[in-house]
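Visitor: Let me give you the structure first, and then I'll get to my questions.
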Amino acid sequence: MTDSVVTRFAPSPTGFLHIGGARTALFNWLYARKRGGKMLLRIEDTDRERSTEPAIAAILDGLKWLGLDWDGEVVYQFTGAARHREVAEQLLAAGKAYRCYATPEELTAMREKARAEGRTRLYDGLWRDRDPSEAPAGLKPTIRLRAPQQGETVIEDQVQGRVVWLNENLDDLVLLRGDGNPTYMLAVVVDDHDMGVTHIIRGDDHLINAARQKQIYDALGWDLPNMSHIPLIHGPDGSKLSKRHGALGVDAYRAMGYLPAALRNYLVRLGWSHGDQEIFSTEEMIAAFDLSGIGRSAARFDFAKLESLNGHYIRHSDDQSLVTMFEDVLDYVPNGSDVKAKLNETTRAQLLQAMPSLKERAKTLIELIDSAYFIFADRPLEIEPKAAGLLTPENRELIGRLRLALEAVTPWTAATTEAAMRAFAEMSNLKLGTVAQPLRVALTGRTTSPGIFDVLAVLGRQECLARLGDQAPS
Ligand code: GLU
């Protein structure tokens, strides 16, 4: 295919994979998959001081968890430094760049002057046309782009439309620092070109960089990739996204018990729409995704919506995969290791059996873990204060009698235990609820639980009779 699409996700490993980055990755992934192209992953680690190994690991891990795979090997930008230098030298040789010997003091003075005069071009062109023989001794020069001083730089952005900058407002960019290290702006252009990137999809905080990068592309005679700058994610009130509003790492969403499929579905709708469809399977997302569906206004992060989507995905997941996800998430949640220690063949089977009932109520895997508590609880059960009030002497006595009635039930299923309880209630002249509530407390230690007959069936005869025995008068 001649017009094969190549996108890339290019995170700087200075922190975790935050939610905005995850959305950018998703959009790039979807676009590549939709067009039968490739999505590459480039770790932009040129800032040696701020890039860390744990951040790289968190990014790779977050992408994998979200199910966003990339094509080929991960590219580490820093390894291309020699190539970036070569391109800067090439521009120098062609007269499209020049050596700048301005001292830090001179640069500061220029900046202050420009700011005082309200100009956005900060560098005054001091060395643009000056003869290098005038260079002060001992000062390592930077290499700057000889950017056009008149005319316009235009980006035809797929999301923002036609964006125009007056060249008189743009600086002669530094391409290579005095220490010979390439700047981020040069590295991005060279890498995108060398990696064959055809489409750049990223946050609109990079829009001004698109103009700067376009000038480098022009100087090199390279074609500019197709550009899409997506509006950033804001908080529910329209302000900058704060931690409280969801500006967290993808790992935090995993620890909060969200399913990757639900988060993907939530993220795709943050800033992109397809009619009024809200729920998208991965295949549907790939089929429907297009740049034209990306809106121009900032998307607002809404935890309630994410939660309700997650509940939908939990309800529609099959029971066995929920058991697997339940187990996986235990490594990421507080006290997960306590539950993990109690996972064995029996409790796994009980969890699977309880799942149809558990999954109806849970909006997150955390809620699922919480409501499965009764499976893993040790005898004698810890009784919640609210539930303890129900264990009156009368009710304890009732529990004792009920225990006797249940002892005779065989086989032990939700249906047979239900029949036995109904018969018991009738015989005792009590409403079913009057019997069920103390029973629930004795079996789960709480006043709320999945359906009581499910609880009976899941725990099995022996455990139920033992728990009832614990609360019955001795
Ligand atoms: N490394 C940049 C960032 O993490 C992205 C650069 C780009 O997409 O061009 O914000």
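Just so it is clear, glycine is given a Cβ too, placed from its N, Cα and C backbone atoms.
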Visitor: Among the residue ranges 35-39, 150-154, 240-244, 345-349, I'd like the one that TrEMBL describes as motif ''KMSKS' region'.
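Guide: Checked against TrEMBL: motif ''KMSKS' region' maps to 240-244.
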Visitor: Can you identify, from 11-21, 110-120, 275-285, 440-450, the stretch that TrEMBL calls motif ''HIGH' region'?
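Guide: Motif ''HIGH' region', as annotated by TrEMBL, spans 11-21.
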Visitor: Work out the three-state DSSP category of Lys243 (ATP binding site).
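Guide: DSSP call for Lys243 (ATP binding site): coil, neither helix nor strand.
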Visitor: Relative to the Cβ position of Lys243 (ATP binding site), how many further Cβ atoms are located within 10 Å?
Guide: 8
